[in-house]
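Encoded as structure tokens, the structure appears first; notes follow it.
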Amino acid sequence: MDLDVLNMFLVAGGTLLVPILAFVTSFLLWPAALIKIYYWYWRRALGMQVKFSSYGNYKFCYTSRGKPGNKASVLMLHGFSAHKDMWLSVVKFLPKNLHLVCVDMPGHEGTTRSALDDYSICGQVKRIHQFVESIGLNKRTFHLVGTSMGGNVAGVYAAQHPTDISSLTLICPAGLMYPTESKFLKHLKGLEKSGDDQRILLIPSTAGEMEDMLRLCSFVRFKIPQQVLQGLVDVRIPHNEFYRQLFMALVNEKSRHSLQENMNKIVAPTQIIWGKQDQVLDVSGAEVLAGSIRGCQVEILENCGHSVVMERPRKSAKLMTDFLSSLQSTENNKKHE
């Protein structure tokens, strides 16, 4: 989610040296535009370049930094209704010698959106594989990272394309049968009983609903100005019809437990990261994965909700870096035996 937009004030007030009066005027009148400027600035500051690739008539939008080298490239898959720039807060703390790729998931941001496309988890896995082939990422094995919906896709991808993957990081992934029901899943059951699909907490259409969504997704309670909330909603509203279509594809029987059905096929070294106070997808899902993926590492973050990437970016980056380093050390030791 877009919790790191709060940093926008520091960026606009100091780093960008925008005159205070102009900033205040823009903030009051065009909050959505400022949010886009915020992401543009951080992409430039972190060296993430926006690029496009094609597979047939299908276009993918992604950002990347660096080039493939001795270390495995890292492909990062975002969650439901987010975009490639949600990873910027983590990229900030990742080593600059890593080759990073952050792609807009099918139908999101700059990647092709079509009402005829298959947005089920298997459909998205197929598209991500097409993206990987379109940029030649699987010429060598790579590290795959996914959060929430992206974690579901990443896990199923690793199960279906094991020769592409060197290692895997799943951050509070969807697609499991959770032993403990979360607040959000209880909310969904209530909607199913009432037949009301217009009040999905992850698809806000007002500033108030946006605030409710952020409270659901984050353990940290930020006091966010109404202008920022309105800006976040204004950016999302034109896409809400698509988000609703996508959401229905994800909760359909075809996708609801996709990761659960494929997790025993995952053979790559796997790391699980989960916020202990996750109200969207309960942390008990980590136990489910640990019981099926041999030797996987589980990291539970205290005082952290579903938006792990935004709430704990430095910690997330460190855990991933340490995991990759440990795998590299193991590989080096094997070579010297």
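Placement of Cβ uses the backbone N, Cα and C atoms for every residue, glycine included.
Taken straight from Swiss-Prot:
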type     : residues : note
TOPO_DOM : 1-19     : topological domain 'Extracellular'
TRANSMEM : 20-42    : transmembrane segment
TOPO_DOM : 43-337   : topological domain 'Cytoplasmic'
DOMAIN   : 73-313   : domain 'AB hydrolase-1'
ACT_SITE : Ser148   : active site, nucleophile
ACT_SITE : Asp278   : active site, charge relay system
ACT_SITE : His306   : active site, charge relay system
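Under 8 Å, Cβ to Cβ, and six or more positions away along its own chain, Asp278 (active site, charge relay system) finds Cys172, Ser182, Cys304, Gly305, His306.
Confidence annotation: the topological domain 'Cytoplasmic' (43-337) carries a mean pLDDT of 95 in the model. Neighbour list (Ser148 (active site, nucleophile), Cβ cut-off 8 Å, at least 6 residues apart, same chain): Gly79, Phe80, Ile171, Cys172, Pro173, Ala174, Val280, Leu281, His306.
Secondary structure at Asp278 (active site, charge relay system), as computed by DSSP, is coil.
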